[in-house]
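Asker: According to TrEMBL, the protein carries these features:
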type: DNA_BIND; residues: 38-77; note: DNA-binding region
type: DOMAIN; residues: 102-203; note: domain 'CoA-binding'
type: BINDING; residues: G113, T114, G115, N116, L117, G118; note: NAD(+) binding site
Amino acid sequence: MRSKTPRRSAEDGLSMEPAAAGAVAKGLPEATLERLTVYLRVLHVAEGEGKDNLASADFARAAGVNSAILRKDLSLLGGTFGRRGVGYDVRGLAEHLATTLGLRQQWRVAIVGTGNLGRALAGYAGLRNHGFQLAALFDSDPHVVGRVVNSLPVRSADTLEEVIGEHGVNMAIMTIPGPDAQVMCDRLVAAGVRNILNFAPVVLQAPEGVNVRKVDMSRELQILAYYAHQGIGYQDAVPAEDADA
């Protein structure tokens, strides 16, 4: 049987019908997932500017992609977000993206390590603005324990398991030295944390069912240096159309 092709606006190419239920937000490619976070940021900016709708071309330009990639990504979400000659529903699509990204559930975050980076993250308004509630801070330095950062006391790392249980922490950010990272990861997992953002310069080993994301600024700088050395831009090297390949 030949599949039905969604109707598209001749003006701006909006998909006017929902995607098939089986394609909705299950196992999204990481490149697509990263772009969805950009789309959400663009929509929040548009909403802050008082816009109810956003034309496809303007949306794609603000997100740094072409309209075909934008349509392809949004087709994976299901639902109808565009109207012919009007554009995308800013508030409705933003709400759908936030739900898809898991931002409508309660995330209680602990930061392990309150050095310069840990303190900066504790004061980052983007956590709270995107639904991440800072619940606890930990450090192993006795000279730091007891200090107040962003209205929260820094707890001793020795109390990690107890505090995580008391405050219902379900996500952790690790900003500690590499040699201590694996032990701390193991303790977080044993305490019930299943989502860890790791800034330590090591690859953590975690059991199945635990999500670990690594943020490596030196890696990103090295990649940036390569493209600068070659005299090419990253966008030139990896076209948006091939980002999921």
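Using the three backbone atoms N, Cα and C, a Cβ is placed for every residue, glycine included.
Predicted automatically and left uncurated, TrEMBL annotations should be read as such.
Mind mapping these onto the model and telling me what they sit next to?
Answerer: On the 0 to 100 pLDDT scale, the DNA-binding region (38-77) averages 94 in this prediction.
Sequence-distant contacts of G113 (NAD(+) binding site), defined by Cβ-Cβ distance under 8 angstroms and a gap of at least six in the same chain, are F138, D139, M174, T175, I176. DSSP gives G113 (NAD(+) binding site) a coil state; it is part of no helix or strand.
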Asker: Including all protein chains shown, what's the count of other C-beta atoms within 10 A of the C-beta of N116 (NAD(+) binding site)?
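Answerer: By my count, 9.
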Asker: Please list, in sequence order, every residue of the chain apart from G113, T114, G115, N116, L117, G118 whose Cβ lies within 8 Å of the Cβ centroid of the NAD(+) site.
Answerer: I111, R119, A120, L121, D139, T175, I176
